[in-house]
């Protein structure tokens, strides 16, 4: 009986493994491996391509998601083909498309190449492909179509009117920013009745259950205005969003909380930020972005400081400055006063991108890297840092002892040289004495003895 149960369990496991392998094979079957022929054969189709490197860890994480993207695009009958290319093997093609890092996702449409900079999730990548592969400016022929778009998209832009210089600017902005948001065009009778326009033509953004009209005098360049307005007024923040918000020029007011903590203080600060974003939209939406962030890990890295949770911080992502609370925030009116104090300059900014802050950033990043390595793998940390330190220590010891031995040899050389000079001087003096003694011998007469005297 036990053997029979074991055999059935083993058969079930093998069946599950076979199903998983079959799913993987099916998913991979809808993602084409591209080679050098892709350069010449691609222009008749629209391609969504993942440029990867075999050794890249982020590329390996993206691979199963990319296979799901290929399967989904095929199942819905999308005209976009999904492929992947080893950018290290076909580096010339990757360079031609402007690949600078791995993985790089691009949608190739004719002679145009669009970079994907969003979250690496299946739904976000597929939405990007649909948005960019379609028409640059999509027409809204009826109010029913307008209502459908309104329900489907959280943020979208609409040009209302006929041919004009403003429409040309709108088309230019759309060609640059289509990777981020949707662009539509409509006639005045298609727009809902609650939309009031002072003049025509006009460009509007619909978001947060309301709309805003572009004013060239107050808002400046159209592309810059679209870049600022392409986000909802209140967002759940993460590192990617903060990076994207750096292009808007807006200050970002964030409630840093622990979403798992349901205490009053955490929910209160989040509610205050939401209330200010909603009720003071007309006052601050040009200059401020609002949201909350779960946890303080990313903020601590950005500020190079340890923030207590919960708290509120205002970031200037364009120059890395930040503002911390100078008062206790009781309600939305206190938060409004704090924001106004930032705008009028009475609250001092901290951080920045000065030379000192850059040096501080280098030291902080190095310290954080070392700490993270030792936390994740102490043995690896000891090997990575202990081995180089040991080699450097041995080299320093060798250099020091070499200098000492060299000094000793040099000193002995000097002593030997002086001894030789002394010896030469002694020998020279002896030679002089012997030579002087030989020259005096013939002139000195020895005393005669008695017999010699008698002979004389």
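Each Cβ is built from the backbone N, Cα and C atoms, and glycine gets one as well.
Sequence annotations record features per position, and here Swiss-Prot assigns topological domain 'Lumenal' to 30-378 based on sequence analysis.
Residues or ranges marked as N-linked glycosylation site in Swiss-Prot: 35 (among others). Around the Cβ of residue 35 (N-linked glycosylation site), 12 further Cβ atoms fall within 10 Å across all displayed protein chains. According to DSSP, residue 35 (N-linked glycosylation site) is assigned to coil rather than to any helix or strand.
As annotated by Swiss-Prot, disulfide bond applies to 56-59. Cβ contacts within 10 Å of residue 59 (disulfide bond), excluding its own Cβ and spanning all protein chains shown: 20.
DSSP assigns residue 261 (N-linked glycosylation site) to coil, not to a helix or a strand. Look at Swiss-Prot and you will find 261 (among others) tagged as N-linked glycosylation site.
For 316 (among others), the entry in Swiss-Prot reads N-linked glycosylation site, with the evidence type sequence analysis. Within the same chain, residues at least 6 positions away in sequence whose Cβ sits under 8 Å from that of residue 316 (N-linked glycosylation site) are 251, 252, 322, 323, 349.
The transmembrane segment feature in Swiss-Prot is assigned to 379-399.
What Swiss-Prot lists as region 'Disordered' is 416-456.
Here the Cα atom of residue 59 (disulfide bond) is found 18 Å from that of residue 35 (N-linked glycosylation site). Cα of residue 56 (disulfide bond) to Cα of residue 35 (N-linked glycosylation site): a distance of 19 Å.
DSSP assigns residue 56 (disulfide bond) to coil in the three-state reduction, placing it in neither a helix nor a strand.
Model confidence over the topological domain 'Lumenal' (30-378) stands at 88, taken as the mean pLDDT rounded to a whole number. Long-range C-beta contacts of residue 261 (N-linked glycosylation site), restricted to its own chain and to partners at least six residues apart, with a cutoff below 8 Å, comprise 310.
For the recorded site, residue 316 (N-linked glycosylation site), the DSSP three-state label reads strand.
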